[in-house]
Amino acid sequence: DHDLRETISINVCVFMHLRDTWDPFQLNPIGAEKETKRRCFELAQYLVAAIVGLAVLTSAIISKGSLLVLSTMSSPTSLRSPKEKQFYMLMLVFCLICPNFLVFLKSLWRCAFKSFVHPNMKTMAFMCAIECLVSLGTSILVLVVMPQFDVLTNLFISGGVCIISAILQIVYRLQKETWKILFPICSLILTVAGYCLLGVDFYVRVSSYVDRQNADCFIYVGIGIFSSVLVSLCWWENPLQATNSMQEKLSELEGFRDFVFVISSILRIIVIGAVYLFYHVLIEKSIIWSDFNLQNKDWELLQIGLVLFFLQAFCSAACHWFGVVACKIHAVRMSFALPLCCTGPAVLLLGLILFITQAQTLDGAKHGSITEFCESLFYLSHKNTTPVVLLEITRSICRTSLNSYYLQWPFSMLALEGVCMWSGFVTCTYYVWKIKVQRIERTSQLFVRRLYESAFIDLSLLLNTKMKVPRARNQESHEDIQNCVIYLCATMWHETYDEMLKILTSMFRLDRYRGDPKENHADCFDFESHIYVDDAYMTEKATGKRLVNTYVTDLIHVVIEVYRVFTNKEPDDVSIIETPYGGRLMFVMPDGNMLYVHLKDKTLIKNKKRWSQIMYLYYLLGWKGYIVKNPQKITRQNNPCRESMISMYGEIFLLPQHDNDYKRKFISDDNTYILALDGDTDFQPKAVILLLDRLRMYTNVGAACGRIHPTGMGPMVWYQKFEYAVGHWLQKTAEHVFGSVLCSPGCFSLFRGSALMDDNVMKRYTTTATRASEYVQYDQGEDRWLCTLLLQQGWRVEYNAASDAYTNSPQEFKEFYNQRRRWGPSTLANTLDLLSSGAETVKRNSSISRLYIFYQMFTVSSSILGPASVTLMIAGAFQFVFKIAGTTSIIIACIPPTFYIIVCFVAKPNNQITIAAIMSIMYAFLMTASLFSIIGDMVIQGTFLTPTGLFLVSMAIMYSVTAILHPEEWGMIIYGLMYFICIPSGYLLLTIYSLVNMHIVTWGTRESNKGEGEVKKNQNMLCDRDCRLCCWDMKLQITQETENLMLRQITGHTAQQAPPLPIVNQDSINQIAATKMEPEAKVDTNTENAVEEAEKPLFDKQNRMAVKGNDTVSSRRYLFVFSSFSTHTIMTLLVCVHVCVDWVTPVKAEFLKKLTYANMKRNLQEQIRYTLRNKNEDDVCEELVLMLTDTLNAELSGVGPEDILIESQLEELEYALGEHSRRILRTSQMEKLDKRVTAAIKKTLTAPQVKKLDEGEQDFWNKLLERYLKPIVDSKAHLEDVTRELKSLRNKAVFLYFIINVLWVVATFFLQAIGSDVLSIKIPKYYPNGTESDEPLMVEPLSLMFLFSFAFLLLIQFLAMLYHRVYTLIHVVSYRSTEKDYTQKDIVSNNAQTHQLDCDSLS
């Protein structure tokens, strides 16, 4: 018996795919190496942070300084005339109104075009009351109090606006550490001390008669303190949000905050105006209305006032925006807190420097003592040579105690007041230095209020920063552990070996990124990889067996190849599972994450991409979501031999195939994501994380897509490179900025689980097309239809330009045309569906406004008029090149498209494409000639300022600038010429081909019969019969080789002595291998018990359900080799038979080569090295590798390098290796490593497993197949009806397109025929030197209107691109600051080796 097993194992190995002895070479796919941080990106990150910090500091200084100068120049003690004072006071009013006006516009826009929630009147009244009080305090402080004080006091007094925030921090005890309550206490004490010093300082001024100061100043001191308290009410929400007080009211407020800001902004503006009029008109009576009528002599006044106003308003807004950017790029301390805290001292230092250095420039001033200098300033007010601003600042400083005749030491109290006020607000906002924010944190999560106070911009930003960012993670807290899970779902349809290599390499890269325990980053997530292979099986015509086809065989080889590249060894944990839809392969990737390969049998389940998506969405979101809510349904393994799987690094992962199911109990559907992929997508982990950031931060985002790069070679790929680039640079960015992206491509898009599970999304997505329009919309562009359903349900779809993914594009003209034949009608159908439901979508979707619907209507109209526009452009080319009359050129230009329409109706699709290719070449020559003719015409005319020339030059400039703003893609501009000359083919011929062939609903690409074929029947088969013994299905196969094998066994000859055998049937050999090599099949000495154990799987109900209803799948077969062996030997063979369908055994044989001597030797060495990879374990690691290798050589001295070991040999080897390893560890006094080394040995000797689904999941798949995924069998009559409907729809669409485009061409034709003298627009013609020509340009109005419309559309998209570029830069910089660093770690704790690491250990 034992000899027979060894002989069979030796012969099986001969026919397996071998590599180690004579074929050690392997592929090394691009990108398999570990990612490294690029030094240029690190430098750029610090450079951007420094620039942003400098911008925050500069804009804050200018904003604060401008306000102080305006208040100084409008002071009653100013040396300016009353007319000038009242004008500067008006500028102060405008400075206060400006931020309120901006917030009003933004909130009104959001209410009108985004979303409107009816407010709670009580809450709104309370908010409006608070806003009015804050506005009252700000107006009094800036318009009434500050003009009465000197510039230094005005600089210091603003620090008191933090007093309410400090009090609330003390009352609610918001500090995590008790001792930190000292910060708000110190802030309150210092602020009160500052106010006391303010009163003492003015008391000394009054008593010392400084600058004739009178006792009225005490009234203004009191009013100033009171108004500061009112201003400090502005940030009352911050402490209450941090302490979770009034959460119900505050949560309710978030819903209608926009409407509250609309009302409160109006009220704040009214209050500001009321304070200004009440005080200066009714009390001071300083306003003379006629003085606002400025004359030419007042130009200096107007210039200074407006410049100061614009500086203050613009720099306040800029400081707020740069402050937000600083927080989003993770530069809170360097670029936000530090510059804002230094604003006050910087303004003071700058003012003193100007005072000291520029005082000498005041001609006519006495430069003796400070009192003499200050008195002489009065006489300089009327000199035109005196700098007005410098004079007023110097005069204001002279109002302090420095100008005292008696005592100048009280000036130190003013300085001490400034120190107290500054220290008070710094200690009050200490928490800003400690906050932790995520990348691109939402502004609403960073700041309490959208409104900023321009009068106190530095304090406003610091006090407005949330004391507690709700979703920020920090090292003191372990909240939000494993806070999201991502399911990578790749659909495959006839991919090549190289294409499979790309997607597998990308998945293994993500496994390394996620699983490396040395990583320090905040990207805490779990993930599983799922690959869904369509059309995975073929039928062997000779035997009727259902086997995996060559595509699956290639995929298995790719998995093994990539695993070798990443680990230098074979896959360790492999499971093969029979399923109702076909089969499943399960792998544990090197770092412990799971990879599932789902093999779809098209005779059991619907094929094609949409049904694969429905399959994995119901499985991952439906079934797994169900078992998460019902934990008792989660499968528990009872086999002690398989209670765990171990990663290549030695970590033990308990039940890895169910581990994520357990974790999902703590993860909501909002934090469950589906990453949709194609089978040829290539991406880096960074791309996934950047998409994940968008969905994490913005809960209304249902999907996000990245920048798709087509790959390949040839002219068609060049055309697509520029087409994709322009589409992403301009169109997708415009959709993202103005509304929502309409299509998130299925080759690389991240979807939110809760969005897909929403009403009218997933359920409607399962609809089977029955009508013609449904075939076009549902099955020809499933990605766009799914996004349309999300948009109509209220979800937003976004685009991230920094998330790069690469996918193969059609390289042949025919494949390209067939692909776009599907995409074109589907795009139009889904867009029209969205526009038809525009009113309802606007109500549901806050990202889509009426203006955005109008924008889409304009773009759709432009695309519909595309053929006519291209025809007219070609007519223009004829006119330019051949000097033909306009009407004649239009007629000639219409002939080719008309001819091609007729061809498409009468010829076969392949002939249509051939003719289109020929016409495309002819059009390309014409477009090239046209381009040079236009350039030549501009040279002859002596100017490019013609409509055509200006348009061409502006387009070239715009595309060049756009390319420069995408530095990693600027090379795409080179393909622009190819795109230009192919415009007639892409926008005229392709449109005609797509419309006329709309009734063809086949996929059109990757159509191949490679997987289907007949496995060649072995000619040496002596007997091949199916028979039945009792209830046992058996297959009797006797070949010439089997007969020879038996004879050799009987005569005692060994396999080594026998002559070379002829090639035998591969399936027979594989079945023998599976029978003998199954480790789980235990041989019992008791024959009856052994048979009883073997019968259990034979009659298992679920195994029978797997093949129920499938006539094409053959019943289970068992192989018996009859010889003159004993009954015990035959029964032993019988027990070892594992019940499986035809395809399982050959698939298992692909993974059995792991158990060859050569592979085990390499695997053991690599496994030990990875398990003991720490530097302090190097010595014992190398000793173990040497000694265990010697043990392996000694134990297997009689085994060939390609022989597969049987179970008994594996058990003996495991025992021997374990004993030797323990002896070495005891000698080295490293017994603590015993568990890890034992696990590494066990993992090395683990054989692939054949399993079955549990009862619950089996039942789920059966019901899912029956309800949604059962293969469609259409009757001939139904197919004829559908074809007739599709042709009818085709005819209607072609007619509509034809009529619209013909009307446009005819209108242009008649305008040309009437003549330029009757209906034309005269445009002055200018030469480059600026001189005007005597002959104006004559342009027909229709062409000019279309030209301007197209130019306006491109300009809008260009501006959107600029906006999107800025925020993409912010996102990239914030990512680079937290990028994973693959650094070797010296010490890894023992716990990290034996337990799965939490994600928080990575941050």
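One-based numbering along the chain as shown.
Note that Cβ sites are derived from N, Cα and C of the backbone, with glycine treated the same way.
Going by TrEMBL, these are the annotated features:
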type	residues	note
TRANSMEM	43-67	transmembrane segment
TRANSMEM	87-105	transmembrane segment
TRANSMEM	126-149	transmembrane segment
TRANSMEM	155-174	transmembrane segment
TRANSMEM	181-206	transmembrane segment
TRANSMEM	259-281	transmembrane segment
TRANSMEM	336-356	transmembrane segment
TRANSMEM	411-433	transmembrane segment
TRANSMEM	853-878	transmembrane segment
TRANSMEM	884-906	transmembrane segment
TRANSMEM	1294-1314	transmembrane segment
TRANSMEM	1342-1363	transmembrane segment
The transmembrane segment (43-67) versus listed stretches 155-174, 336-356, 411-433, 853-878, 1342-1363: most Cβ pairs under 8 Å: 336-356
Segment proximity, the transmembrane segment (336-356) to the transmembrane segment (411-433), 3 or more C-beta pairs under 8 Å: yes
Two-stretch contact, the transmembrane segment (126-149) and the transmembrane segment (1294-1314), at least three Cβ pairs under 8 Å: no
Positions whose Cβ lies under 8 angstroms from the transmembrane segment (155-174), at least six residues beyond its ends: 64, 68, 141, 145-146, 149, 181, 183-185, 187-188, 191-192, 194-195, 198, 224-225, 228-229, 231-236, 238-240, 242-243, 245, 344, 347-348, 351, 414, 417-418, 421-422, 424-425, 428-429, 455-456, 459, 463, 467-468
Contact call for the transmembrane segment (1342-1363) and the transmembrane segment (87-105): at least 3 Cβ pairs under 8 Å, seq gap 6+: no
Contacting positions for the transmembrane segment (336-356) when only residues 6+ beyond its ends and CB under 8 Å are counted: 53-54, 56-57, 60-61, 64-65, 68, 151-152, 155-156, 159, 323, 326-327, 390, 393-394, 397, 418, 422, 426, 429, 432-433, 457-458, 461-462
Residues from the same chain, set at least six apart from the ends of the transmembrane segment (853-878), whose C-beta lies under 8 A from its own: 734, 738-739, 742, 828, 831-832, 834-835, 838, 841-842, 884, 886, 889-890, 892-894, 896-897, 923, 926-927, 929-930, 933, 948, 983-984, 987-988, 991-992, 1297, 1300-1302, 1304-1305, 1308, 1343, 1346, 1349-1350, 1353, 1356
